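*Asks:* Before anything else, here's the structure in question.
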Amino acid sequence: MKLISTIAAATTAFGAPNADHTSRQLIFGGGIIPSGTKTYTAGIRTSADGDTYCGGSLISPTHVLTTSICTGYKEPKFVSVGTHYLNGTQDGEQIKVVSAQNHTSLNFSSGTYDFALLTLEKPSKFIPVKLPKADDSDIKPGMWSKAMGWGVTSYPNGSLSYELQGVSLEVWANDECSQVFNIGDTSVCAGGLPGKDACVADTGGPLIKENGLGDLDDILIGLVNWGYGCGDAGSPTVYSRVSTATEWINSVTKGQ
């Protein structure tokens, strides 16, 4: 199984799909998230008003959680927190990134502990998303989750969505997903229904559990990571399992 390069992953968002292990960078088969909701969702950019090239989640007033491809493919210079749009400064907050660090146990070859934290120049006014419990009790096989991003809405030749999109996906048990992909405990799989998926301009974006009636109850359970194809029946997307990184996250966010 070959992990395509980060540059190639971005290229395939507009060209022919890579049939191999593909970094997931789009949302399709879903719908538009209402403006002014899910405002913990962050777009990672190289300029304040430029296009979002990766997704992330505000997990403290001064930290955005994403995946390592988002710190390696391009330099993350700004995040747009609370925005509904792919680019521009018409809403949300555009905040400068002052540092980026990958998980201390990140293994590029196996894909374990694929997490990165961006530290912001100033606190965001938006409310961070809740982190899951470290005991993994917030994830149950068969539960429904939601992935979000600004990626293309059709595959393979779609264009990026100007508005934030979301799609509902069923969570798989790891032993079930292990029959399809070689994954470990730091991953979680979701999806597998035809035409509904995360795929090839929003890696690092959130997979959430909607735990109540409002966004304040949402729990961040995963980060868009990789998979084979897009929206194929029986082929889910692999997400970084956030519960396995809570100790590291807390050590960074509380130490700064």
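Each Cβ is built from the backbone N, Cα and C atoms, and glycine gets one as well.
Given the structure is predicted, the values throughout are model-derived calculations rather than measurements.
Sharing the record's features from Swiss-Prot:
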type     : residues      : note
DISULFID : CYS54-CYS70   : disulfide bond
DISULFID : CYS177-CYS189 : disulfide bond
DISULFID : CYS199-CYS230 : disulfide bond
DOMAIN   : 27-254        : domain 'Peptidase S1'
CARBOHYD : ASN87         : N-linked glycosylation site
CARBOHYD : ASN102        : N-linked glycosylation site
CARBOHYD : ASN107        : N-linked glycosylation site
CARBOHYD : ASN157        : N-linked glycosylation site
SIGNAL   : 1-15          : signal peptide
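Could you place the listed features in the three-dimensional structure?
*Replies:* Note on CYS70 (disulfide bond): other Cβ atoms within 10 Å of its Cβ, all shown chains, come to 26. CYS70 (disulfide bond) falls within a helix when secondary structure is assigned with DSSP.
Note: CYS189 (disulfide bond) has non-local neighbours VAL171, TRP172, ASN174, GLU176, CYS177, VAL180, PHE181, ILE183, PRO236, THR237, VAL238, TYR239, i.e. same-chain residues 6+ apart with C-beta under 8 A of its own C-beta. Under DSSP, CYS189 (disulfide bond) is assigned to a strand (E or B) in the three-state scheme.
Summarising the environment of ASN87 (N-linked glycosylation site), the number of other Cβ atoms within 10 Å of its Cβ, over all protein chains shown, is 18.
The Cβ of ASN102 (N-linked glycosylation site) has 18 other Cβ atoms within 10 Å, all protein chains considered. In the three-state DSSP classification, ASN102 (N-linked glycosylation site) falls within a strand.
Within 10 Å of the C-beta atom of ASN107 (N-linked glycosylation site) sit 12 other C-beta atoms, taking all shown protein chains into account.
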*Asks:* Per DSSP, to which secondary structure element type does ASN107 (N-linked glycosylation site) belong, with helix, strand and coil as the options?
*Replies:* strand
*Asks:* Between the Cα atoms of ASN102 (N-linked glycosylation site) and CYS70 (disulfide bond), find the distance and write it as a whole number of Å.
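*Replies:* Each residue's Cα considered, ASN102 (N-linked glycosylation site) and CYS70 (disulfide bond) end up 10 Å apart.
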*Asks:* Using the alpha carbons only, what distance in Å do you get between CYS70 (disulfide bond) and CYS199 (disulfide bond) once rounded?
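*Replies:* So the Cα of CYS199 (disulfide bond) lies 15 Å away from that of CYS70 (disulfide bond).
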*Asks:* What's the CA-CA gap between CYS54 (disulfide bond) and CYS230 (disulfide bond) in angstrom, rounded?
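*Replies:* Pair distance, Cα basis, whole Å: 17 Å.
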*Asks:* Highest CB neighbour count within 10 A among the disulfide-bonded residues CYS177, CYS199, CYS230?
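*Replies:* Highest number of other Cβ atoms within 10 Å: CYS199.
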